[in-house]
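Colleague: Sharing a structure below in structure tokens format, with a few things to ask.
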Amino acid sequence: MSTAGFNSQNGAGTGQPYSNGPSQNPVGLQQLPGAGYGSGHQSPFNLMQAKAPSPSVPGHYSPGPFQPLPPGSPYHLSPSPTAYPAPQGQPLLTAPLIGRPPSQTPPHSASSSPGLRLIPAQPTPPPPPAVSSSSYHQNPLQTAAPAWHYNTSQPTMRSPAPMILPPHGPVANNVNPAASLAGQSLPPPPLSSAAYNTSPPSPHLSQTQSQPQGLGMPPTSLHGYGQPGSAPPPMNPMAPHTYQPIRPAYGPPPTGPPPPMRPTPPPTGPPAASGTPPPTKADAQCGDSVNSTVSPTEPDCQEGDIECPGAVAGNGPQATNSYNHVDSKMAGLAQPGPPGRHLGHYPSLPPGYQNTSGPPAPSPMHPAMQAATQPYTQAPQAYQQMSGGPGMAQLSPSLASMSLQSGTPEALRVVNLLQERNLLPPTPISAPTPCLTQDLQRINCSPEVYRCTLTSIPQTQSLLNKAKLPLGLLLHPFKDLSQLPVVTSSTIVRCRSCRTYINPFVSFLDQRRWKCNLCYRVNDVPEEFMYNPVSRSYGEPHKRPEVQNATIEFIAPSEYMLRPPQPAVYLFVLDVSHNAVEKGYLNVFCQSLLDNINALPGDSRTKVGFITFDSTVHFYNLQEGLSQPQMLIVSDIEDIFLPTPDSLLVNLNECKELVQDLLKSLPSLFQKTMETQSALGAALQAAFKLLSPTGGRMSVFQTQLPNLGVGALQSREDPNQRASAKEIQHLSPATDFYKKLALDCSGQQVAVDLFLLSSQYCDLASLGCISRYSAGNVYYYPSYHHQHSPAQVECFQKDLKRYLTRKIGFEAVMRIRCTKGLSIHTFHGNFFVRSTDLLSLPNVNPDAGFAVQMSIDENLVDTQVVSFQAALLYTSSKGERRIRVHTLCLPVVNSLTDIFAGADVQAISGLLACMAVDRSVTASLGDARDAMINAAIDSLASYRQFALTIQQPGLLAPACLRLFPLYILALLKQKAFRLGTSTRLDDRVFAMCQLKYQPLAYAMPMIHPSLYRLDDLTDEGALNVNERTIPQPRVLQLSVEKLSRDGAFLMDAGTVMYLWIGRNCNPIFLTQVLGVPSYADVLDNLYVLPEIDSAESQRTRALIGWLRDQRPFYPSLHVIKDESQLKASLLQHMIEDRTDSALSYYEFLLHLQQKITK
């Protein structure tokens, strides 16, 4: 079993409390009669069939350090709800009812049977010594440093081929439909040998491999285009309504005048409300199979698709549909759209429709995130296109050249990095705007949600290789959005070949046909799609909301679910050992949950449960009818079982008083415990058993290294090696127990979130796997103590409130599709890859980010634009099955200069950080550092060799990449990758986790902090947000020379803020902001600014509060003086300065120049 914890193939990922689902369109997806969630035979929600029958074994994992994914999902579910059978006849110990007066002593067993509570402590063996390696300083005697080869032949993940529904008939949920197709499965081909593959390759389907085709389909590739070689004959009789191999291909779009049309008169009166979808069909199975056969009576749907085979455009019932322009809070009445054209004329690019909410208000966001959205309008304004204008296939050969024909653009301005020292712009950097036509750019996807490292896609892989820049996407798919168009329809229009959702970048050939922008297949427009719910007009499908918004959400019909949508289920697993009680976190947790219990996302079906553990595992019976909660203790941690399975997860609304009583009594219940051991593994196994029948969210709170029972760990950190300038050891897991359990959880739609509150080593590299592979999150508070670290307590309180009240999606899957000729080969984030390109996300939250690496498999010579579409299918906390779709369009260029002009330096740095985390675990930290340095050397050398027309001395870079060396140096000095500076192992691993799953907007301050001067704040250029004035100070370079003793400076490092007070700081600032008369009176451990009624205090607190509001986590604030101990932490973020173990920025530039020019 691999111990590579940061396996990029399978894991390392603001706003007000959110309630999923628009109030205007409630969809009553009621649970089927008899389909209870507590039944043992109820199988978990599994969207995928297997390509080949695999044994139904929970421990079916690929061995070896590089793990090729199995052809199918390892979760072929059996009737048993869990992989851990409960022992027969196990004695059960019950404690007396927990009364309102708390018990003075910890509960214990009075029996001598296997339920004894006390277990002798076991000594911890001494940690092994660490092995050292070298720093990143160049050694001429060493071999060539490794680098990422962006042109390596990676296993590809293409757009899936046509998939279909299984035959009609009752099929049990726990039956694998792929079992009957064993003879049709494909063996996984050999993996390619990538020289510097930062992640384990994935199995893929070879381009030349014969594949089973859908019914009546000609030999096609996964993208739907012709392939060499022959394909096997159809496996089912050919249906008369399907596409015939002998049918002539669709011709070009009509060039003459449009034929006269007589449209059906539009319906009178308002559209009928969408009714309740029909109950779940028993045959709506999904599987891992990439190709399948077609039943003669079934429409052409795709199995194994993210969206479980749904209604195909033009087939099925013609139901009315409705449209909500703004989800939930922002919903409003639909207004008539812009005046329509002559009915018979259809432009190839659809026009915008009238915005129902008016122009957006100024965004109350941090400039770094606000600037990234400048080219994007949440709701595109209406525009007119000339009749008979060019279609998507007739655009200019190089859209990016539009910006180059009128002189050199700013992005290509040549910058000598050795001469221009003040390269940092005064305001945060915005995402580059793709060189598209104004109409296309207006409706393009927001860079807040979708960013590409290159906003101009090279025509060929060889051109990409020459640029030496990585090609990848960075996504924030479930981000909180103030405006989200929501569509309710019984027919979701998708391409019949590649299953792409209709989007603003498709082409309408005429009133009844549209061409897919990913595989170029021509599809029919269904009758229902002819009606526009916004304008309430008929015959203008190009004005539908789906064709006017690059980000849209569908309320899915019943075909997109295999069982009734699961309820919101929350299980809390709490460490109550002596160490946990000493930390004092239990009081904060119980009080926070009591305060926010009514704000938990959910509906009338919401369930909650609690498990506590030390050396034994404690369950709590909260069944309705009890006068008090009842504790049940199980001490047999080697063979854990559920004492009363039916009463441990209870309906929150029905048992709220018992839940509140338990939360009030828990802190005092264990106040005098002397248990020092931690049986975390057994508690996780018990929680998995409890959640398996339904799925849900498991929240684990841990305060020490697990040292008892399954999953027990030993300390691997040598404190003497923390400041080593050599290699760092133990970045990978010590055991695969937590990864295996996470994969079991993922198969049962259970996500695990880990809260680690410990000042001692806890082996986060091992414990983090439980969250990484189950699509959970890790929260880490390294110095938490309820008395000694009030700043950490404040962070924990704020983070917990956000965690409990933010929106959540259950039983989710996500697939990313791209235009024919492109392919995806590596994923980054917290998830499990269920099939070649389907990400399993048992939970999805608005704070999770993902990244993918891409390659160009086929020349894009005849392609002017390419598109990328991410589709996220999830169940909302209200029980609605929803699909959120994001589509990004980018131009294709054939010039190296155009490629450099469209480079997104922040996206490139974020993707390289993800790749470096993988390299640190699979190879070594030194290799990862060298690869990052070589990435900068290679790209600047390529620019100098191929893009510069006039050779000049110095270290030259285009203006768009002028900060690339600075960001690389910042990564080398970041906590995840630095050497020679004292860094605790858990701190380093947590920093790596954040780089892997944080969205780019949140990760950039962690990579390159922002420095502001606060003692001279003014209202000049300030923002007005919610009647608050937010000053916008200039961003300063990260160097000590920018600090002055007569000022006050704020450093925003993402998860922490430092307010440094100079020794000679202006007394007015001290008095008006800090409330002290002099510098000597400033407290050393000040973490909260006093509320003083002065302009200076209001400006300072407004800026800090506004910065905090722009991220989902709560950064702590530390006010430090010149002689404070925390000053060393501040200086470590001064990236441009030299340290004992790292080069200064100028020295690093000289090093790069030496390597480029030699």
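Using N, Cα and C of the backbone, Cβ positions are placed for all residues, glycine too.
Relevant sequence annotations retrieved from TrEMBL are reproduced here:
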- 1-307: region 'Disordered' (REGION)
- 1-28: compositional bias 'Polar residues' (COMPBIAS)
- 196-213: compositional bias 'Polar residues' (COMPBIAS)
- 250-280: compositional bias 'Pro residues' (COMPBIAS)
- 492-528: domain 'Zinc finger Sec23/Sec24-type' (DOMAIN)
- 809-893: domain 'Sec23/Sec24 beta-sandwich' (DOMAIN)
- 904-1004: domain 'Sec23/Sec24 helical' (DOMAIN)
- 1030-1102: domain 'Gelsolin-like' (DOMAIN)
Colleague: Would you report the average pLDDT that the model assigns to the domain 'Zinc finger Sec23/Sec24-type' (492-528)?
Modeller: 94
Colleague: Counting each residue once, how many in the domain 'Sec23/Sec24 beta-sandwich' (809-893) are helix, strand and coil under DSSP?
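Modeller: Per DSSP, the residues of the domain 'Sec23/Sec24 beta-sandwich' (809-893) fall into 0 helix, 60 strand, 25 coil.
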Colleague: By DSSP, what is the split of the domain 'Sec23/Sec24 helical' (904-1004) into helix, strand and coil residues?
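Modeller: Looking at the domain 'Sec23/Sec24 helical' (904-1004) with DSSP, the answer is 71 helix, 3 strand, 27 coil.
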Colleague: How many of the residues that make up the domain 'Zinc finger Sec23/Sec24-type' (492-528) does DSSP mark as helix, as strand and as coil?
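Modeller: The counts are 2 helix, 12 strand, 23 coil.
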Colleague: Provide the three-state DSSP residue tally for the domain 'Gelsolin-like' (1030-1102): helix first, then strand, then coil.
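Modeller: Tallying H, G and I as helix, E and B as strand, the rest coil: 22 helix, 13 strand, 38 coil.
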